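Enquirer: Handing you this structure, nothing more for now.
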């Protein structure tokens, strides 16, 4: 496009068209050429066309035509300069330019908007660099952030500098990725228009007809070809109506799922389970009873999410009926805290619930969360929770030292015996492998009879009970 000749304000239409081309498309470029441009009386910065351009650029409001859902029409209007900017949807168009944006350069804003709309986000470092490149003051950074926010571009905080100089992100990449997915999902379901009561009834009738036709096809294999074709048409129409009814109520699932966040499942998982409940509600909804579909579907969504939490939220799965009892105890506990001004005892809970106190104690124990022994403790992250938990079965250092000394004394006493006597004592009392062998087992191993093994054991014990030998081992019995 050639720049119009002359020094008038019309020579600044070219940057405006470039701005709109980057933000919108060529169709709106053609419309912008026909807009009247009114000169401004402000004279500061006369050599910067962006000032005059931003002061005279009309606001563009975008809306969807009812008969063309995918076609965007553009309407223009003059905006009077005031302290209150025109409010428009961030993803629908450009808000009226506030007075504070007179200092912004159109070229830099256009580049930022184009990049931000492509990726959905920009960092403050990029904005600061753009302002410095445009030779603008950093005091305009909040204005630029507000401008981009109205255009649906998320402005991310900068990374913090760690003491060692390495950048530390404010959030993990996993959390950022999840937030992006949630944002994209909400943006997509927001494009589907809501339904009124009449439309819900009409779609429900079509769904019901499709389910009936599908059942008829499955149960009657001898249908006439023409009738089968008509029923298949009803099935396809029922599926389309079901899809439309589900898509129009996905926002209801999100609103219900948000109330269950922070209970062990991510928001996307809760929404997914709630969507299954919504599909079930579409199939079971009876429009003839006169209830609103949203009221009916909410119960199915809650049930689906509640069962998913019971099955998946805990490390150790608890049956659904037990989870319901735990929730009942939790609700009653909150009520009694509000009434009594203190934590209720197990006896008070059992009395209110008409339940044995042993069952209340057991259910409250089930309600405790499972914590990993590998959970990091402290700021350094070098210690884990398991390091601070006492092992009741562990041997104390004093006992370990005493046990080692006793083994040494026993070994010294046995070395004073003959090899046969030593082997008999080791096998009979399990000093070798911890297992006590019978007389027959010892006799078979040594090639002796049971009676001979008994005699050797008796004579050896008589020698070991003598005071000179027994005094060495008696101190370990105290």
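Just so you know, glycine gets a Cβ as well, placed from its N, Cα and C.
Quick caveat, the model's predicted, so the values are computed rather than measured.
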Enquirer: Examine the ranges 419-438, 439-458 and name the one recorded by TrEMBL as DNA-binding region.
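Expert: Result: 439-458 is the stretch TrEMBL calls DNA-binding region.
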Enquirer: Labelled region 'Disordered' by TrEMBL, one stretch among 65-98, 99-132. Can you tell me which?
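Expert: That would be 65-98, the stretch labelled region 'Disordered' in TrEMBL.
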Enquirer: Pick from 261-264, 265-268, 269-272: which stretch is listed in TrEMBL under motif 'Interaction with polymerase core subunit RpoC'?
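Expert: My reading of TrEMBL: the motif 'Interaction with polymerase core subunit RpoC' range is 269-272.
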Enquirer: List, by number or range, the same-chain residues at least 6 past the domain 'RNA polymerase sigma-70' (438-464) whose CB is under 8 A from its CB atoms?
Expert: 413, 417, 420-421, 423-425, 427-428, 470
Enquirer: Grab the pLDDT values for the DNA-binding region (439-458) and give me their mean, rounded.
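Expert: Mean model confidence (pLDDT) across the DNA-binding region (439-458) is 91.
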Enquirer: DSSP says what for the domain 'RNA polymerase sigma-70' (269-282): how many helix, strand, coil residues?
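Expert: With helix first, then strand, then coil, the domain 'RNA polymerase sigma-70' (269-282) has 14 helix, 0 strand, 0 coil.
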